[in-house]
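Working notes, structure below.
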Amino acid sequence: MFRLSAALQLLLLAATGAQNNHGQVQVPGANIGPLLGQAEGGSPAGQQLLQLSQQQKQPPQQQQQQQPAFPAGGPPARRGGAGPGGTGGGWKLAEEESCREDVTRVCPKHTWSNNLAVLECLQDVREPENEISSDCNHLLWNYKLNLTTDPKFESVAREVCKSTISEIKECAEEPVGKGYMVSCLVDHRGNITEYQCHQYITKMTAIIFSDYRLICGFMDDCKNDINLLKCGSIRLGEKDAHSQGEVVSCLEKGLVKEAEEKEPKIQVSELCKKAILRVAELSSDDFHLDRHLYFACRDDRERFCENTQAGEGRVYKCLFNHKFEESMSEKCREALTTRQKLIAQDYKVSYSLAKSCKSDLKKYRCNVENLPRSREARLSYLLMCLESAVHRGRQVSSECQGEMLDYRRMLMEDFSLSPEIILSCRGEIEHHCSGLHRKGRTLHCLMKVIRGEKGNLGMNCQQALQTLIQETDPGADYRIDRALNEACESVIQTACKHIRSGDPMILSCLMEHLYTEKMVEDCEHRLLELQYFISRDWKLDPVLYRKCQGDASRLCHTHGWNETSELMPPGAVFSCLYRHAYRTEEQGRRLSRECRAEVQRILHQRAMDVKLDPALQDKCLIDLGKWCSEKTETGQELECLQDHLDDLAVECRDIVGNLTELESEDIQIEALLMRACEPIIQNFCHDVADNQIDSGDLMECLIQNKHQKDMNEKCAIGVTHFQLVQMKDFRFSYKFKMACKEDVLKLCPNIKKKVDVVICLSTTVRNDTLQEAKEHRVSLKCRKQLRVEELEMTEDIRLEPDLYEACKSDIRGYCSTVQYGNAQIIECLKENKKQLSTRCHQKVFKLQETEMMDPELDYTLMRVCKQMIKRFCPEADSKTMLQCLKQNKNSELMDPKCKQMITKRQITQNTDYRLNPVLRKACKADIPKFCHGILTKAKDDSELEGQVISCLKLRYADQRLSSDCEDQIRIIIQESALDYRLDPQLQLHCSDEIANLCAEEAAAQEQTGQVEECLKVNLLKIRTELCKKEVLNMLKESKADIFVDPVLHTACALDIKHHCAAITPGRGRQMSCLMEALEDKRVRLQPECKKRLNDRIEMWSYAAKVAPADGFSDLAMQVMTSPSKNYILSVISGSICILFLIGLMCGRITKRVTRELKDR
């Protein structure tokens, strides 16, 4: 009977994956009534069938030539009233003595007069309390056998199905009188369009499928297999005859078990396989025809699918949908699973799938003619072939797509429907995932294991899972993955409610909300488990595939959707795409705009988890275990790898480096950082954030606004971390790399670290500037970006690795409570400079020297004085910024904090002339001339504690400096006269005196020269010679110019205006004018001025007496003015005379020689 067409096996395998079918199979009773009704009403098919069933004038007799292999037994004994002499219009089953009691007990009275209705009623009885007697069973068996082989029934079939038979050549050629005609029509039932013929054959099918022995040819094909699998142990006798459906069920289980074993002990023969699958196909529309499943699930059908209309496989689908309900009986669940496994082997076992997709299978050549026999009917191939058409943009009917969705969901829901999973993952399932068989939990458990969260999985199992994910394609519709669907339902309802249900962008939306408050933990796990596989096959992201398939084919040499290349590693195509996504126009071969946007979207989403980057996880697995085993929180693993970049294996380092380089161009890849920085981006960087092409602008903006009030800790830490990573390689700063690439190759070859490149380039720029080179070696665009990088590095000591390494121990010792950032650590080190270790001290000194030459690099000064710079120095050059601020320091509009910071920098400058570039330039001739002795003792990179400046101050008092140097020293003297802290030598030598004699003045918030005045007044109380010398030097300086004596200048300001306005300031001219005015009795000075002048005269007089001689002239003057002048002169004269006398008396010391020897 069953000459299997080649297409059947292909459709079979596909059905294994569908888990949520809603169709149901027609129950025989559903059609019998109408047919009989039509028989009474006059339908030819109905009348003839009814008449035939009633025209059996005698009970069915045993026909030896047609007995099946397992005979039903001898004919029943003739009972009264059942023979030809029976009443009514012919022989009736209900009147047979052997069945009368059973019919009366089981069947409704209105069916008794119709043999087919009685037959249907009795053969569907399975309850123990209603069990049919053995004699009645035997009678029914022979009656059905006669029906299937009776030539009269065949003649009815030929009449009712005349046009159908002419269309189906196979049936027209069947021999007459052997029952093959009806069997052939049953075989082609799906192709019968004639209504009456279809109804007739449906009735006959119900009779034939009630017992495997009635299926023509089935016994011949499966006899040996029945014995081999021991499926024939169910004998007729006391048991229900209709349990013969168990034999077919047993064979089906043997068939699916064989597919799940590597080396099956028992193999079903090919002929029997075809027969089993064909029986399953023919019972696909009416679940009543699968006798084992019908009896196993009859109660469950009433419970779950009571309102489901029978026919076209709807009952099957409804039961599939409820397979994992708690109240589903275990025997029904097992029967449904077996049915689903058969669908996986032959898609035609699913009536609705085969019917809905028939035209599409033919249209896209997914049918028999194109494929090797082993694959043609498998559900997996059908799904892959049709999904490939969908992904290529071809039209597949909505009915077919709906069926595909159901069966893809079915495969994802129950791992046991995929023989490859059972074969390859049996050990892993037993070890890691036992007891998780329902609702897709086992598959997700295996996914979790593969992600490395619970152990390792074999490659075969991993490959089987990857294949299953491709077959089911849950990336196209999240609902296919039931475990994910249930876990993420709440998130979808809140975060993704604006997206249509089933849209592929739902998964994208979930990824965007990963690690947010809206995400729930269970959804997070299920999502990452699925994304792990999607990330390894670019085709599994339908939006990416649709928009990039052209680019992938052109640039990455990809295959079709359902073709794979074993030579291509996981994630290789996507890696290829993102390499081309960030190419410039000059580099060529770029992606289309749509594809580029998709690649960026996925990059942004997947960067949150290293496991979603196959190449990264593969190459860095050892390094992750070695360096980052404790970094388990979100995003920490990649940060950890970046932190240990120099320690990583070469392959891992290259991948991490490339990814970091990519991040520098498009920082939005750092999705967690972007999420943390969202408020700052919205407030300060929305312009650059909206740009489709980032090119490093967004990170630059975040760095510039890192210390805004709105900045949160997570964002600041993230930005700083990225800055620290950038220091490891100049390629990690995209804008710097693009602006200076050529300059680095030319001027700084073989230099990798960013800080070294910055130093190299900035040194070149500085040298060219100092040497006033006609043309800078560093290009203009590079110089501009170099300035940005230099400014960014000043913000955090960690961004200057050499300084940081040199000062680590000092930071722990003196700045342990100070936070990084805002240059706070650097400022702390400056304040504790005297206590620093030698190496750190030298580095800090070098830093200060650089900052004084270029104040814009002084982050703290620029930050504190930002508004004052805008107010007072908007036009000032970066190198003259501090000079400008100093000039406006005493303005009433000057901010106190900025003024304090300027004073700090002045104090620093006055500790060493090298920290004052203006002074250094103005006095470059004077310093070696007058202070050579100090310079010879000085060491590089250590302060001179103001010795050179003190030396120049003394020469200023003697009016011996050059005019430029004199101007600068005058400013320094004026400033230090107002604030003692600006005189390092005074601070150094008079610290005890200030603390003891002038504590109140020193504590004043505003320094206006009170401390200096206090020291002058208390000069006689000072015991320390060095301090006394410093005070005397101050007095000497003030004598040179009134401007350097703020107290005196303030007291005499009006007098200078009235009496000395015409006198040019400088070189003591105005001071001399005031002294003359004091001596002139005609001039009346202000009382305060007069008092201060008299005090100064006394001080100068005392200073002249006690001050040490600076030179020979000073020494001669001191002798001449000394009260012991005569005594000193006498001693000197006597000494000379004694020396002369000794010479006369002792003669020459050298030996006499002749003139000749002298002249020789």
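Cβ coordinates are placed from backbone N, Cα and C, and glycine is handled just like the others.
Taken straight from Swiss-Prot:
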CARBOHYD  Asn146  N-linked glycosylation site
CARBOHYD  Asn191  N-linked glycosylation site
CARBOHYD  Asn562  N-linked glycosylation site
CARBOHYD  Asn658  N-linked glycosylation site
CARBOHYD  Asn767  N-linked glycosylation site
REGION    52-94  region 'Disordered'
REPEAT    131-193  repeat 'Cys-rich GLG1 2'
REPEAT    196-259  repeat 'Cys-rich GLG1 3'
REPEAT    267-327  repeat 'Cys-rich GLG1 4'
REPEAT    395-454  repeat 'Cys-rich GLG1 6'
REPEAT    456-518  repeat 'Cys-rich GLG1 7'
REPEAT    519-585  repeat 'Cys-rich GLG1 8'
REPEAT    590-649  repeat 'Cys-rich GLG1 9'
REPEAT    651-709  repeat 'Cys-rich GLG1 10'
REPEAT    710-769  repeat 'Cys-rich GLG1 11'
REPEAT    777-837  repeat 'Cys-rich GLG1 12'
REPEAT    961-1016  repeat 'Cys-rich GLG1 15'
REPEAT    1022-1082  repeat 'Cys-rich GLG1 16'
TOPO_DOM  1148-1160  topological domain 'Cytoplasmic'
TRANSMEM  1127-1147  transmembrane segment
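Along the repeat 'Cys-rich GLG1 15' (961-1016), the predicted structure has mean pLDDT 88. Only pairs six or more apart in sequence are counted, and the repeat 'Cys-rich GLG1 12' (777-837) with the repeat 'Cys-rich GLG1 16' (1022-1082) gives fewer than three Cβ pairs under 8 Å, not enough to call it a contact. The recorded stretches the repeat 'Cys-rich GLG1 7' (456-518) and the repeat 'Cys-rich GLG1 11' (710-769) do not share 3+ CB pairs below 8 A when only pairs 6 or more apart in sequence are counted, and are therefore not in contact.
Taking Cβ-Cβ distances under 8 Å and a sequence gap of 6 or more within the same chain, the neighbours of Asn191 (N-linked glycosylation site) are Glu167, Ile168.
With DSSP states grouped into helix (H, G, I), strand (E, B) and coil, the repeat 'Cys-rich GLG1 9' (590-649) comes out at 41 helix, 0 strand, 19 coil. Residue environment of Asn767 (N-linked glycosylation site) contains 12 other Cβ atoms, counted within 10 Å of its Cβ in all protein chains. When the alpha carbons of Asn767 (N-linked glycosylation site) and Asn658 (N-linked glycosylation site) are compared, the span between them is 34 angstrom. Following the DSSP three-state reduction, the secondary structure of Asn658 (N-linked glycosylation site) is helix. Looking at which of 267-327, 519-585, 590-649, 651-709, 1022-1082 has the most CB pairs under 8 Å to the repeat 'Cys-rich GLG1 6' (395-454), the answer is the stretch 519-585. Cβ-based neighbour count (10 Å, all protein chains) for Asn658 (N-linked glycosylation site) stands at 16. The helix, strand and coil residue counts that DSSP assigns across the repeat 'Cys-rich GLG1 10' (651-709) are 43 helix, 0 strand, 16 coil. Residue counts for the repeat 'Cys-rich GLG1 11' (710-769) under DSSP (helix as H, G, I; strand as E, B; rest coil) come to 47 helix, 0 strand, 13 coil.
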